[in-house]
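Written below as structure tokens is the structure these notes are about.
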Amino acid sequence: MNSTGSNYSLKHNNTQDNNHNSEESVTNKTGELDKPGVKDGQALSKEEKLKRRQEQLAAWMQKRQQENQEPSGKVTISATDETNIDKEKLIRQQRIEEWKRKRLQKSEGLETDRSKIKTFEVKSSNEPTIKINASMKKTITPANGRSKKRPIFGDEDEDDEKESKPKFKKPTLDLAEIEEKKPEKSIDTEIDELDKYLSLLEEKEQGVENKKIENHDDDGIANGPGVGNVNESDDEEIDEDQKQQDILSSKLNRLQNKQKQLDDVDHNQIQYHPFRKDFYTEPTEISKLPEEEVANLRLKLDGIKVRGVNCTRPIIRWSQLGLPSTIMSIIEGRLNYSSPSSIQAQAIPAIMSGRDIIGVAKTGSGKTLSFVLPLLRHIQDQPPLKKGDGPIGLIMTPTRELALQIHKELNHFTKKLNISSCCCFGGSSIESQIAELKKGAQIIVGTPGRIIDLLAANSGRVTNLQRVTYLVLDEADRMFDMGFEPQVTKVFTRVRPDRQTVLFSATFPRKMELLAKKILDNPMEIVVGGISVVASEITQKVELFENEDDKSLEEAKFSKLLSTLNDYGDKDAECKILIFVEKQIAADELLVKLLTEKYPCLAIHGGKDQIDRKHAIREFSSSNSGVNILIATSIAARGLDVKGLNLVINYEAASHMEDYVHRVGRTGRAGRKGTAITFVSSKQGRAITDLVKAMRLSKVSEDEINPRLIEISTKFLEGVKSGKEKYNFGFSGKGLDNLQEIRESNRDLERKVYGEENDSSTFKANEKKQNKTDIHQSDLDVKLPDFHIIEGRAPETAGPDKCKFHSRITINDLPQKARWITVNRDSLSKVIESTGTSITNKGNYYPPNSKIPKTIKQNGKEVTPPPKLYLLVEGLTEKAVHDAIILLREKMIEGLEVAAKEESMGPTGKYTV
């Protein structure tokens, strides 16, 4: 037990000695004093330990006093030093002010750079607050921990450059460290940090100036912004406006003039399969007839006149054509055509012989069947369509209604013969038409514009015309007159040259014959009953009004119309009546008047959607619909064939005789009788002359013609001879020449507005040398938005006279999508809020290619029509209006880009155009 206790006591004492030594070691490290010698393991009493501690503390205090006395000269600042410091601070402040003054005289190019750099603030307190840029945080520190100051103000700082200053250190949030280092800071350190900040600005300024020097041209003129010229910023603003205007103009023109590109076809590089044209073998009984009997036969057939080489003789019976029994059963059984009509008797043998034909015959004479029967023989003789093949027969018409009428006639045969056909026209969904063509259509009936769309759809992969061997132009004169010649020519260039081409119409003016001969090969001309002749089955009547006042004339015409409707309604309750007017607005106004008088009726014209036009014709054609009156423009004068249509009323006289022939030709079809009544005023000398001529050509006796009409006609023709009156024949009043005249008149008006009257005669002379029309230049000129700022209050505003500047921006001619993006509520509200201007929609929207009328009726009075749709921008300052214009122009450019993108993408669906 004793040995154990002694061992424990020894270990305990050693542990205590070690602890004492450790405490002494810590004390020595803290006080940084030498350790007195103490033997290891020696035990000390409390008194000895305390005495030794006191000695160590006294030595440490003495050493601290010596250390504090050595640097005292550095901290003490004498009065002389304080004066020198004040002078130095004053000099530096003066140099800073001088530097600021120089900075204000220089370009504003560094304003953005200066805004990015945080400011350096010196407060009035003893301790400065320093704000530094992020770029100043990373500095290269020399080995001695001090940084060299850069020259700022030139040679006057040479002395300062030789001095070395403490390195500027980033402030921290360590408060203990800040408090510890406060006594070591000096005023020189503050100024040195300011020098560093100013030197940084100087370096940035020199860098910008170097960039400007690099942008100088060889002539020494700076290209960069804000160099040397005060007005250069204005020039840049003008250039930017012009650049935006050019972008807007190019995008608008590109969108307006965008064509359906059809690549030229080199027929020499395509190996076409041969095909058969001649399907007709002249019967023996026809071939044995002498020429005298053939002439007599043509005379009996309404006086058929033929012109050409080796003209085919006419037939007498359907059996002489050698048609298949299936077709014969449809003709004689279903359609109940016992014998061919005059045009059919002469035209069908000629077409089936492989000849190109120009056929002119009166309305309702069976022209459609004349080109349909040979087409069916063409298709039956050729191999079936393969995948990717286009049609074999192509029929082009000027109007949608005529295309539907022909397609309806074709359906009598195609269903029985298992022949596929497709009717393609504008105003309806193109997707369904593309789907039908993808399935394979042996016959296409359509309008030229939609046919070109289909040829260009999907980069030409929808259909092609390589297999077309039979091409028909129905109502060819109207097609050329409506400006379709470029489209028709474009289609013709894509059809094989050895095709068979057939042209039919009820009228055929001489200048149209010249155009037709360009696309025909050795044609045979067939004229039945003369050119522009009303059928003998139609009774022509004229109601002459002697009223001088327009209002009384309108009342008299409407009163006569009501009495006529009552008379024919009493005679035949199922009688269909077609009323023609000249203008779309007149059709709508007459519709309202008749509905007010409790007459059920409908109206069709070019301004209505295709679905509405189709519905109106279907209701009018139906015997159970209760609608027996249809009001129409001349759009219904072609191809409309309605059973029971016994009366045609020209409420407004036709513009020329060919149009009159087609109008009245809607009745008296297929051998049935009909009546045509024309309302005309005694002031309409030209219309009366056409009526008298038409009645004389249709063999109406002079006794049946009103003597007053003959008197007015004779007087008018005498005026034409003397030069007092002008008499235009045929379609020349509405055709391609008239479009050119409209363009020239618009340009003359613009030159007068901008003071260029002197050059008008030269300009006209040069214009006449150019081509008359183009496929996409036939439209009226599109007006580019004008962004001129006008000083003064806009006259069309009714508010107080506060807005000193305004601008009118025409948006009528922009595409619909571009208009929506420009004028939607969000876009305009942003522009108004950011610029402080007022923006208002003014004017009316006028569709493309429409002509603004000189006057319109409003509340029974003739007033000036409103201008095209535009935005009125008003502001208190010119700058506010200019800023609004810039934003609106950007919206227009954005809208044009969206419109172009949507047009290139086409409608949502499987196919694109």
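The backbone N, Cα and C atoms fix where each Cβ goes, and this holds for glycine too.
According to Swiss-Prot, the protein has these features:
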{"type": "REGION", "residues": "1-189", "note": "region 'Disordered'"}
{"type": "REGION", "residues": "209-244", "note": "region 'Disordered'"}
{"type": "MOTIF", "residues": "316-345", "note": "motif 'Q motif'"}
{"type": "BINDING", "residues": "A361, K362, T363, G364, S365, G366, K367, T368", "note": "ATP binding site"}
{"type": "MOTIF", "residues": "474-477", "note": "motif 'DEAD box'"}
{"type": "DOMAIN", "residues": "564-713", "note": "domain 'Helicase C-terminal'"}
{"type": "REGION", "residues": "755-774", "note": "region 'Disordered'"}
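Structure with Swiss-Prot features highlighted.
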| residue | record | Cβ neighbours (10 Å) |
| --- | --- | --- |
| A361 | ATP binding site | 30 |
| K362 | ATP binding site | 28 |
| G364 | ATP binding site | 21 |
| S365 | ATP binding site | 23 |
| G366 | ATP binding site | 20 |
| K367 | ATP binding site | 25 |
| T368 | ATP binding site | 21 |
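Beyond the ends of the motif 'DEAD box' (474-477), by six or more residues, the same chain brings 367-368, 371, 395-399, 402, 406, 503-509, 512, 516, 638-639, 658, 730-731 to within a C-beta distance below 8 angstroms of the stretch. When secondary structure is read from DSSP and collapsed to three states, G364 (ATP binding site) falls in the coil class. Helix, strand and coil residue tallies for the domain 'Helicase C-terminal' (564-713), in that order: 68 helix, 27 strand, 55 coil [DSSP]. For the motif 'Q motif' (316-345), DSSP puts the residue distribution at 18 helix, 0 strand, 12 coil.
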